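K.L.:
Input: one structure, supplied below.
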Amino acid sequence: FLAAADGLGSIAIDTTQLNMSVTDPTAWATAMNNLGMVPVGLAGQQIVTDSICVPGFDPSLSMMTGITPINPMIPGMGLVPPPPPTDVPVVKEIIHCKSCTLFPPNPNLPPPSTRERPPGCKTVFVGGLPENATEEIIQEVFEQCGDITAIRKSKKNFCHIRFAEEFMVDKAIYLSGYRMRLGSSTDKKDSGRLHVDFAQARDDFYEWECRQRMLAREERHRRKMEEDRLRPPSPPAIMHYSEHEAALLAEKLKDDSKFSEAITVLLTWIERGEVNRRSANQFYSMVQSANSHVRRLMNEKAAHEQEMEQAKESFKNALTGILTQFEQIVAVFNASTRQKAWDHFSKAQRKNIDIWRKHSEELRNAHSEQLMGIRREEEMEMSDDDSGDNPSKKLRVDDSALAAQAYALKEENDSLRWQLDAYRNEVELLKQEKGQLFRTEESLTKDQQLQFLQQTMQGMQQQLLSIQEELNNKKSELDQAKEEQTHTQAMLKVLQEQLKSAKELAEINGHDESQANEINVLTVALVNQDREKNSEKRSPGLKSEKEALLIGIISTFLHVHPFGANIEYLWSYMQQLDSRISANEIEMLLMRLPRMFKQEFTGVGATLEKRWKFCAFEGIKTI
């Protein structure tokens, strides 16, 4: 009947060992088995050799071996089977003892209530005892639950029983609700209903706290061992300064493989204050040895940079080769789509060829954009390196950018022309199929397809014409840029001669730096005036809405910077709004509008800096 309390109902007992002369030994053994008690004979011999609850369990294994006591009543520990489901009714039977008999409570009544179990509880409260019950009778009943260490009986029919282990308390709690009768007497003083509940004892709580502290110490020790194992090794100790150690360190400083270790020791000695008049020369020689490694490190850096450049160059060459092969593959597909070869393919073959051609063109365009991006990065690096040397180099970079754009437009023009030829071939094929078939629903759908293809062909022709016009415009801009380049080079030579003569005069007459600044401003004004004349000759208008937005943003930015801003500062601000814009585009746009933006030089010599200013309020007065 204790199957629900401690899950021991499935443990079998060898009934051949029962040798008691009782009226109903089978029921008594079943009750004791369900209770988890060790059946005892009349003479006190133990019928079962080991504990029924935990076979071979030694409760003394706790503090001595460092093993935490295991509660075998916990389900899932593997020591006892899990308890039966709660919805199964528990059948309690009569328990016959030597001096008394325990009668089970009414199964229809709710189970007796218990208080919350205190931590480490080993003591139970037993109430409702018969008035004539003695400590021997109490011990006879409850010692079957486990070893009893103490019994404290009161005069008011209750007592406290302390067990050796915590799991024994659960067995004693199961007896709550039983009616106890001493012998066969019907006297009221010889019967009583038992109420067993958890009791809070200071000894139990103290032992539980000691066990928890022991587990905490073990956990801290385990964590400390784990931290010590995972902690990185400490750096080697720095030796103290001496002349012998200094001589050894000087040799290590000359060795490239030991330089990093030796320089750390030298830094520690200097920070400790080991440098004095006596050791100053020795420290100076070691510092000189450390300085000798600067050239080696710079050479290593240059070698690594050269390797990186070679790797970039090899990657660019490989990408160029791949792009060339893609062009050849696309050319093969385009040749296959012409009428001479296209007519001999079936519909499925034509469909596959068309899919392959589109896929190859997409890959070719992606690789071409990647290669153009690499070239643009190289051009930007070159323009950044040469930005302070000569303004004519910027014009060369712009010319190369225009040439690259013209080349890209040519490639796009060729691809569109090939697509147009393919569409024409498809139209001719559809016409032939239309003449051969009757006027059915299929022919009507083909007519619709033919009209759609004609419309797409007209759109492609218009797009081709617009691209040709754009190409002509780019060519005219390229010619104008070349003319402007030659003109600016001539003007630059004249201005340089004037500047040299003016500086010589200023040095002869003893003028100060302000006069030199006035000369710089005068030369810049002449250059801006010349640019204004050239811009008036060209008189280009705004090409797109994007340029108008850029002009508005740049005007606002320069208006809040009355002293002007250089092109790098302006480009870094525009990058936050549009990451695809380049500094060359911004500078070309500013140069195209001299009445709105002007460029001035500030500073002298190494501090010379070019700044762009907003001058639209001044320029509108002169229009």
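A Cβ is built for glycine as well, from the same backbone N, Cα and C atoms used for every other residue.
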K.L.:
According to TrEMBL, which of these ranges is coiled coil: 119-146, 203-230, 231-258, 287-314?
P.N.:
287-314
K.L.:
So what's the average pLDDT for the coiled coil (406-498)?
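P.N.:
So the average pLDDT across the coiled coil (406-498) works out to 80.
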K.L.:
Which sequence positions outside the coiled coil (287-314), separated from its termini by at least 6 residues, show Cβ-Cβ distances below 8 Å to it?
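P.N.:
Those are 250, 253-254, 256, 259, 263, 266, 374, in sequence order.
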K.L.:
According to DSSP, how is the domain 'RRM' (122-201) divided among helix, strand and coil residues?
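P.N.:
So the domain 'RRM' (122-201) is made up of 21 helix, 28 strand, 31 coil.
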